[in-house]
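Undergrad: Heads up, here are the entries from TrEMBL:
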type	residues	note
BINDING	Cys45, Cys48, His49, Met88	heme c 1 binding site
BINDING	Cys142, Cys145, His146, Met188	heme c 2 binding site
DOMAIN	26-111	domain 'Cytochrome c'
DOMAIN	121-211	domain 'Cytochrome c'
SIGNAL	1-24	signal peptide
Amino acid sequence: MDLRKYAALIMGVMMVAGVAVSHAETDDDEEDDVVSNVPAQAQICAGCHGPDGNSLVPMFPKIAGQHPEYLEKQLKNIKENVRVSPVMAGIVATLNDEDMTILATHFAEQPARPTPSVSNGPGSIGEKIFQTGIPGAGVPACASCHGANGQGIAPGFPRLAGQHANYVTTQVQAFRDDQRKNDAAKMMRMVAAKMTDADIAAVADYIQGLK
Ligand code: HEC
Ligand code: HEC
């Protein structure tokens, strides 16, 4: 599916829903309160990333439980076009620095919910790549920078645990193909350069199931 067409569709739905939501809020408060204390700026994010940042659509990243510094860096990188995202660009254009800090803090505080791995659980090739890398190909262990459980190391190394395999795959491929270049010291580009599509798919499936 064309991601941009999908995004346009979601945005349309959100605008209609946004009117309904704000109307309902003036009529009666404290009803169907999924997440409490949601900043106003976060309403537009829900259409793609889910109300609590645990997106249900595999091509939209989960942002719940991610380190706030990393989330803020991505928003700024996208705004400055250092990370190219046609889908996010129009959205971040409307955000100032303070909005970005508020949003990053809000989504970082939401509990992350993993998605079960399809076939790369314990003992799998995906686990092997994550924990020990691919020594023959010179691929280092993902765990060495992203932590043994994929929880990341703030501020520079993002949490990966529980992220959609589909999104992980597209990002690693984007680093490999030099389409995403916002990694300090080319750290991810060097890792991804030596990986095949099969390696990436296996490790992405393992990552999705990490808690
Ligand atoms: C129309 C769908 C859509 C909306 C609405 C949206 N996003 Fe995104 N977001 C995406 C997509 C898709 C990506 C992945 C980058 C890409 O493929 O372009 C992304 C990426 C991100 C990232 C980087 C995540 C990572 O792990 O690197 C952050 C942070 C983010 N969005 C925050 C937000 C915030 C905050 C809002 C609300 C102000 C928002 N997004 C609204 C679709 C959306
Ligand atoms: C040398 C350290 C290092 C190693 C090893 C490493 N990464 Fe990364 N990774 C990073 C850094 C730094 C970033 C953040 C880039 C940025 O600032 O946007 C990152 C970002 C990512 C992202 C993007 C996350 C998001 O939410 O968009 C994915 C996916 C990823 N790494 C997967 C992997 C996988 C899979 C492996 C193992 C094959 C791996 N990484 C090994 C340093 C590393």
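Any Cβ shown, glycine's included, is placed from N, Cα and C.
Because TrEMBL annotations are produced automatically, they should be read as predictions rather than curated entries.
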Undergrad: Using the alpha carbons only, what distance in Å do you get between Met88 (heme c 1 binding site) and Cys145 (heme c 2 binding site) once rounded?
TA: 26
Undergrad: Cβ distance under 8 Å to Cys142 (heme c 2 binding site), same chain, sequence separation 6 or more: which residues?
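TA: The list for Cys142 (heme c 2 binding site) reads Ile129, Phe130, Gln131, Gly133, Gly150, Leu160, Val191, Val203, Ile207, given in order along the sequence.
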Undergrad: Around the C-beta of Cys45 (heme c 1 binding site), how many further C-beta atoms are within 10 angstroms, looking at every protein chain?
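TA: Total other Cβ atoms inside 10 Å, all chains included: 22.
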Undergrad: What is the biggest Cα to Cα gap, in Å, among Cys142, Cys145, His146, Met188, the residues listed as binding heme c 2?
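TA: Between the most distant Cα atoms of the heme c 2 site, 11 Å.
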Undergrad: What subset of the binding-site residues Cys145, His146, Met188 lies within 10 angstroms of Cys45 (heme c 1 binding site) at the C-alpha level?
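TA: Within 10 Å of Cys45 (heme c 1 binding site): none of them.
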Undergrad: What are the DSSP helix, strand and coil residue counts for the domain 'Cytochrome c' (121-211)?
TA: 49 helix, 4 strand, 38 coil
Undergrad: Using CB under 6 Å from any atom of ligand 1, narrow the binding-site residues Cys45, Cys48, Met88, Cys145, His146, Met188 to the ones that qualify.
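TA: By the Cβ criterion, which requires under 6 Å to ligand 1, the hits are Cys45, Cys48, Met88.
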Undergrad: Which binding-site residues from the set Cys45, His49, Met88 come near ligand 2, judged by a Cβ under 6 Å from any of its atoms?
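TA: The qualifying binding-site residues: none of them.
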Undergrad: Give me the Cα-Cα distance between Cys145 (heme c 2 binding site) and Cys48 (heme c 1 binding site), rounded to a whole Å.
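TA: Rounded to a whole number, the Cα-Cα distance is 28 Å.
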Undergrad: Quick check: which same-chain residues outside Cys45, Cys48, His49, Met88 lie with their CB within 8 A of the centre of the heme c 1 site CB atoms?
TA: Ile44, Ala46, Gly47, Ser55, Phe60, Ile63, Ile91
Undergrad: What is the total of other Cβ atoms whose distance to the Cβ of His49 (heme c 1 binding site) is within 10 Å?
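TA: Neighbour count, Cβ to Cβ under the 10 Å cut-off: 21.
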Undergrad: Using a 10 Å radius around its CB, how many other CB atoms surround Cys48 (heme c 1 binding site)?
TA: 21
Undergrad: By DSSP assignment, list the helix, strand and coil residue numbers for the domain 'Cytochrome c' (26-111), in that order.
TA: 44 helix, 0 strand, 42 coil
Undergrad: Across all the protein chains here, work out how many other Cβ atoms are within 10 Å of the Cβ of His146 (heme c 2 binding site).
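TA: Neighbour count, Cβ to Cβ under the 10 Å cut-off: 20.
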